[in-house]
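Just below is one structure, and these are the notes that go with it.
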Amino acid sequence: MVSAAELQRMHEQANSAPNAVSAAGNQAAPMADPFPSLTEDPFPAMSNGQGPHSSAAAAANGTATSARKSAQGNQIAQPDFNSQSAFPSLGASAPAPKGQWGQKLNTSKPASAAWSGSTPVIQRPVFQESLSIPFKEDTNAKVSAAMTALQKKYKNSIKVEASTTRSTSTTNFVIKGTDQAAVKAARKELTVSLARRVTLEVMVPQSLRAFVIGAKGKNFKNITEQTGCRVNMPRQEGEAAVELAGPRDEVDFDNDEQIAVSIEGDEVNAQQAAQMIQAIVAERTSRTTQRITTVEHIFYPFIAGAKGANVARIEAEVGSGDVSVRVPPRAAFLHPKDAEDEEAHPRRERDLSIIVSGDRAQVQAVVQAIEAQVEDMKREFRCLSISVPKRQHRFLVGDAANDILASSGCSVELAPQDDPSDQVTIRGPQARLPMALTAVMEKANAVKVDVVDIVAAHRSASDALQHAKNLLRWLQVSGKLPKKQGVQVFTPRPALVESSGNVQIEIVGAEQADVAEVRSSLDRLVKGTPPHYVDTLDVDPLLHALLIGKKGANLKEYERKGVDALFPPPSTADGEGRSDIILIYSPTMETSDKKARDAEAKRVLAEVKADLLKASQQAADLKTETLNVPSKYHRTILGPGGSTLNAVLGEERIVAVRVGNSKGQTGADDTITIRGPSTEVDRVAAALRKIAKDAEEDAIVNGHEATFSVDPAHVKHLVGKSGAAITKLREELGVRVDFDDAAATNGAAANKKSAAKVQCKIVGRKENVEEAHKRLLAQAEKLADEREETLKVPQNLHSAIIGKGGVWVTRLQDNHGVRIEFPRQGGAAKEESVASSRAQKADEVIIRGGKKGVAAAKAEILELLEYEKENNNVAELSVSTASLPRILGKSGATVNQIRDDTGAQIDVDQNGSGEKEKTTTIRLRGTNKAIAAAKAAITAIDAEVKGEETFAIHIPSKYHGQLIGPGGQGIRDLIARATGSQDTASGRSATQLVQFPRRGEQNADVVTVRGPSGIARKIKAELESSAKVFTERVCHGFVAPPEQQRLLIGRGGSRRAELESQFGVRLVFPGRAEHGQEEVENSAEIGEAPQEHIVKVLGKVEDVEALKKELASNAAATRIVKIPRSMHKQLATADLFRKLRSSYGVNVDAPRVRDSGKSQGGKVVMSTGGNAAAEARIDDEETQATSADDLPFELLELGGESESTDEASVDWTLTFKGNSSEASDSLQAAHDHLLSAISGSSTISHEGRLIVPAGSIPRIIGKGGSGLRAIQDEHACSVEIPREGKPRGLCIIKGSKEAVMEAKDRIAEIATQPGRY
């Protein structure tokens, strides 16, 4: 790309060699100026259908234009920059701001610098929740209390509004606040406290049961947290418990079995919970999952893209964001040899297909897009294989592989770790393979790698490889590998060691020095452990745990001697495992004597080995016994999840039992092998024989049976909530527990002392049945200590015991281990309460639990009741319904203030009581002191309202605005005058005392005064007095032209305010609404004067006449003078205006003219300055010149501008303020002075435009403008230097041609002088 400076330089070179064009004319013409001179107006006004240039400029440029066209020949014509279609306009600029601030903005600045908007207002977001609750008369009192409690709890963070619609019998609540969490919490608390409790059922397909519940109950937990409702899903039984094995998209949900999900909670949140469950079901039934199994895994990286970029693109573009695509990672395709112990740890089958889930239609589109991409890759991709050292392969996986894929679009395929091959395969588009090859080599060589070969370090040893394996195992297990920040140490995989016979540890780091340091440390550690520092011994794997001890306690003694004992991994469940134990001597202190060190190592290793052998011999009483048990009973011996076998083995598990043949063996598998200490083997064998024998004799369902009796009151606790306790026993011990329902029913109906016992039957294995029997009896004994206590608690105090959201009752139950039951609505007893033979009354609270817990809970509740009785007194009072709005205040402000000041709870009965007296009942709750204070405050407001009087005063509406005054100040002053105090006006707003009618009301002239009797009467009298003044005043007019009106108004209305204050009248000028409302009474005096010249005066007759006399004595005389438009600009100077004002006392009002720096038109007769003049640009910061001739100068001959139009002259208004006898002479003298100035200006025939360096302007102007005045006086011309605009340094000289040239030479001389002038 060519820069602007280079383009300009090329243009200069082309213009400097005009002879370069050959005679044949086949060479290109000189380049057109890319930056033409902009000394003229770059965007002149369009006139008479001509282009942007004036006629003179067009004539001057015509020759040059034609010459250029002929020289260019067949070149492409320049575009028309004036074409509206090629270069459309950008639209009008933003409108100027209105108002006070808009006047202060400089609208001449660019749009980017102008501020055309009002000040932005930053508002905090407001969150809103709404709900509707069925309206009931008995819950109406709770609404106010609940709203008050919420307002107090959340203070200023929320606002609660309530409205009742009796036609629909619903109460609607709106909760607003700036804290979303607080708004949601308040909504939840409001529904819990007001909505009735219900139980709903939602039907869902049986196949979606697990999905509705969610992983570990995630969905149910989320629903409960959001709604506070309890959600129950019926437990599956029998065949229904088997989950569907087929793909989800093959299930016919319409014909699937439906199960009922129950929801318990308040009515509002229960409906929300039901909708959430229905949404989960709808989401599952409308979505599908499809697996793509036909794609080779070598294309998986390209389908996924670098860091999943391609998958994200497919999900967004093809799947519309409603599809999820899962591509298995590269690690999913590891070689089977990577499993170190395939038999001990069976490999889990992985799903290696691409899984696409989402909307059915979108899933099909995504699958088709993936298959199309695979076909393209098969057709276009190629492979490239290179050799890279095996140790550098690890730098070509993970993020490195993603970077290569992102930069080159190719994938990197490596051989498995246990494969000694160092081949690296690069796959991708053929054109990108070289780029990928470069990236692979850069990544492989990006870090420093060093290798420590343990086999080579002990090459002289008899079995160097085995010794290296031992050292490698020791370094890995003991954590002795050296560590350093920025350096990584990689040990070889066991499979690679076995296949290659090498034990090499790789050290990787970014800095060579750090790698060398770690290598040195590791090398010293390896070489410092020779083969005679290592010893091994074989011990039966079953004895390893005994030799190690609990948490390695037995090995700590060996570690203090400097010996690390390395045991193989724990044996499997059948007792198979490695038996070798490695002992490595690691001296705690270094000695310089090698022989002594070797002797010490030999001695210590021998001692430790002897100790281990001795310990193993002591515990070596091992025995192996094989039982022949038919394989069909093996499952019974194992039990569910191995529970039966675990019970037989015990917690220590020092016996290994293998059921059936080992993996890989064939033949009969009826054997059970038991190996371990002889006594334990005998015990386990006997137990297993017994289980096998029992299995042969009894079926699992009809196995051992135990029956016992329990108290009917304890049955529900033994069963658990929704059968949870019985389910737990069945899952842990594999038993079935049944209770005699008939006996329980009879027992519940009988007297507590003579109730029949309930029979409990346990069926299952004998050992398991005995354990279940023991647990149930223990729980029954604990329940026998349970007591029940019934307390008489007034219903209105139940909420105090329960607390907000049940916080207090929950704390009582948790602290004392009891259960507290409150009566349900209507006093009905709970269905599960079988211990009580009567319904729970509305004023009863039942406490159940242990004897001590019940006593403690009872004492605490009684103590709380005493406190509530002291602080929860109730009182009622009746007030006038008319005073209720004043008591409540705006949005409840007054009643909330009383509530906060006194601490009493206030509930207002909006329905009222006592229709004849028109009274309303207010209920107060709290301490006696709080109730008394609140009652006094409310009574005072009620008495104040009852003592008020209301007056209606007839005042014409046209006077209302004057009575109110700006911002209501007039009415506040009137109230203060009437009452004699400012406190009355400020204590109660003026709108409460005096109410003016709104626009459009029927009685627009009626003003209402309402307040205490004495104050209302005084305000009424003051209003009537003020209105009388308005009705008795007169309206006279006098003639004042607009120029004189401006003098009467003064700057900012100061003169008008002075006159109104001095004479006690009101001046109304034309243009105001009030001007057309008043009719003048002296129409004969003003005659036929136009309305815009009439100023009206309102007030008393004597005051109006005094003002008119004052204005007549000081009337200002004016005269209009027409100034030629061509001379208006040069005459409208501050010096001339000051001269007229100081010499003749005449002020001049002339239209303001802003100098734009443009010439007034004319023919260019001279242009000097060489290239500088041609290249001068309006965006040049400063013009540099070394001599006066280098300064750009242009001389224009003025004249020729038509003055025949209506705008050929400009009106100047001359105003004389003073003695009327002197006005005529002063105005005439000023007029003559202007005519003289006009005649003197007619000698201006030329205008010169000189551009000087901006830094020389202060020297030209001189101190206080002395230099500029000297030039003007000396050469009889005018010199103007614009303050703003471009080009900077522009001097405009006007006068005769000789004067302009002389002044130009003088200014150029000053501008080019190096020093100060």
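Glycine residues also receive a Cβ, built from the backbone N, Cα and C atoms like all the rest.
Of the candidate ranges 206-233, 766-793, 1046-1073, TrEMBL annotates residues 766-793 with the feature coiled coil. When Cβ-Cβ distances under 8 Å to the domain 'K Homology' (531-609) are tallied for each of 621-693, 871-943, 1032-1116, 1244-1312, the top count falls to 621-693. Non-local neighbours of the coiled coil (766-793) in the same chain are 644, 647, 694, 703-706, 708, 710-711, 713-714, 717-718, 725, 729, 733-735, 737, 760, 801, 835-836, 843-851, 854-855, 858, 861-862, 865; each lies 6+ residues outside the stretch with a CB under 8 Å from one of its CB atoms. For the domain 'K Homology' (871-943), the mean pLDDT of the prediction comes to 82. Helix first, then strand, then coil: DSSP counts for the domain 'K Homology' (621-693) stand at 34 helix, 18 strand, 21 coil.
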